[in-house]
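Features as listed in Swiss-Prot:
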ACT_SITE  Asp67  active site, proton acceptor
ACT_SITE  Asn136  active site, for ring-opening step
ACT_SITE  His138  active site, proton acceptor
ACT_SITE  Glu143  active site, for ring-opening step
Amino acid sequence: MNIIEFEDKEQLGKEAAALIARTIASKPDAVLGLATGGTPLDTYQELIHLYQSQQLSFKQTKTVNLDEYAGLDPDHENSYMTYMKRHLFDHIDLPQDQYFLPNGASPDLEKECLRYDQLIQDIGGIDLQLLGIGQNGHIGFNEPGTPFNSMTHVVQLDENTRQANARYFSSIDEVPTHAITMGIASILSSKKILLLASGKSKAKVIQYLEQTEIHPDFPASALKLHEDVTILIDREAGSLR
């Protein structure tokens, strides 16, 4: 793992966007794995800026997202599809038929998981996977104890994870209890992985990620099994290193 520290999250976001832009420049039809939450927002803003200043085009690119809430329609205000449209897709030239998320509203979620794995395989696999990290070491919605050989699957959300996401809903009761997530094996099958972490709340988990052994109780430790992982952090997230 290559860990690079920046002064603040804005610089971190610019560098993450630059890495993504270089991936697209070298392979215009690259498949990008994308993430949601607060951490990638600066990265997405910078990607929009690069597009608007005609330094970057997504016309040939395809994207797949890590996860989606179960039980929410894609057009629900708190779905990850809505998040991606609001923060990236609606502001760039990525064709609508070239971005993909799991369908959390599917009547058969298990079948949807299989469909999503097949989709990723059919479009050539992921060239660069963007990740955040939870305070318990979760990546995607892969909570502690998730097998490292897991592919896309339905997961019951940890209560701490639901609490962390409650700020996006009017109450904790509205936060879905389940989600579809790419599994740890799905993530590790990406050619390159780019993990972002910012803020003091991520300092302990970054310290632990560096020091811990590889173990399913800390899902992010699986990244040590991959040969091309870059971790970008800001000074606050690196304050306990």
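Positions of Cβ are set from backbone N, Cα and C atoms, glycine also.
Overlay of Swiss-Prot annotations on the structure.
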residue	record	Cβ within 10 Å
Asp67	active site, proton acceptor	21
Asn136	active site, for ring-opening step	17
His138	active site, proton acceptor	24
Glu143	active site, for ring-opening step	20
Cα distance (Å, whole number) from Asp67 (active site, proton acceptor) to His138 (active site, proton acceptor): 12
Pairwise Cα distance for Glu143 (active site, for ring-opening step)/Asn136 (active site, for ring-opening step) [Å, integer]: 8
